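Trainee: Here it is, the structure in full.
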Amino acid sequence: MTSVKLDLDAADLRISRGSVPASTQLAEALKAQIIQQRLPRGGRLPSERELIDRSGLSRVTVRAAVGMLQRQGWLVRRQGLGTFVADPVEQELSCGVRTITEVLLSCGVTPQVDVLSHQTGPAPQRISETLGLVEVLCIRRRIRTGDQPLALVTAYLPPGVGPAVEPLLSGSADTETTYAMWERRLGVRIAQATHEIHAAGASPDVADALGLAVGSPVLVVDRTSYTNDGKPLEVVVFHHRPERYQFSVTLPRTLPGSGAGIIEKRDFA
């Protein structure tokens with residue numbers, strides 16, 4: 001099978017003189033081709049020689065740009081075959097509730113976590129109605145691979161979880177999750193979770209956390225987790241960079257029980 005390759009004649013790889021290193025400019029130009037799907041996932045990057053001829057840059061500069069994108073997770077090197085656009089992280093919803101950390105580790109990706117903020121305060125109305133709480137502990141964490149952000153994760157928790165939450169606030173605890181807090185440290189089993197998925201424009205704080213322009217499209221997932229008796233435990237909101245993360249679900253034609261499966265909501269306003 002012939003792999004898809006970037007059309008260099010149509011690609012904008014112009015490099016300008018200025019304070020931004022040429023390698024960074026080339027890396028950003030190639031990244032733009034990936035985001036715009038002119039070079040789709042699984043597509044092969046042009047050869048080093050082709051990139052040199054097209055960009056007018058040196059071999060060292062081209063290698064630095066490609067290496068930068070490899071470290072950020074945009075490209076993967078396959079021995080004897082070339083360099084290819086990396087597949088996005090895929091979360092299969094029909095195989096049970098998994099944390100983003102579990103999904104990434106299953107894909108061979110070791111996440112890094114930045115704790116951006118944590119504070120107790122008034123719950124937003126929707127969160128208050130869901131959890132039945134006036135105040136919540138809000139924890140904002142950024143998930144990344146290398147220096148490339150994947151998702152902004154905002155967890156709304158009961159303020160009385162106490163010391164059990166401390167590992168979540170440690171920047172070195174990259175594999176810590178709210179589920180680990182509930183199940184391992186508090187002995188509360190997660191029975192099920194609802195996922196509401198929609199697209200939105202990045203707000204200023206989301207854009208800043210994910211390295212995007214304000215208003216850029218992001219994939220938003222609202223996850224509400226419940227105990228066996230149907231009590232809501234937490235609400236976690238994920239803002240994903242859409243080119244780096246995707247969801248997949250396999251369903252039978254019919255599902256037993258009310259509320260089972262996927263419910264489509266349309267807003268034509």
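Cβ from N, Cα, C; glycine included.
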Trainee: Pick from 48-67, 68-87, 128-147, 168-187: which stretch is listed in Swiss-Prot under DNA-binding region?
Mentor: 48-67
Trainee: Taking helix as H, G and I and strand as E and B in DSSP, count the residues of the DNA-binding region (48-67) in helix, strand and coil.
Mentor: 17 helix, 0 strand, 3 coil
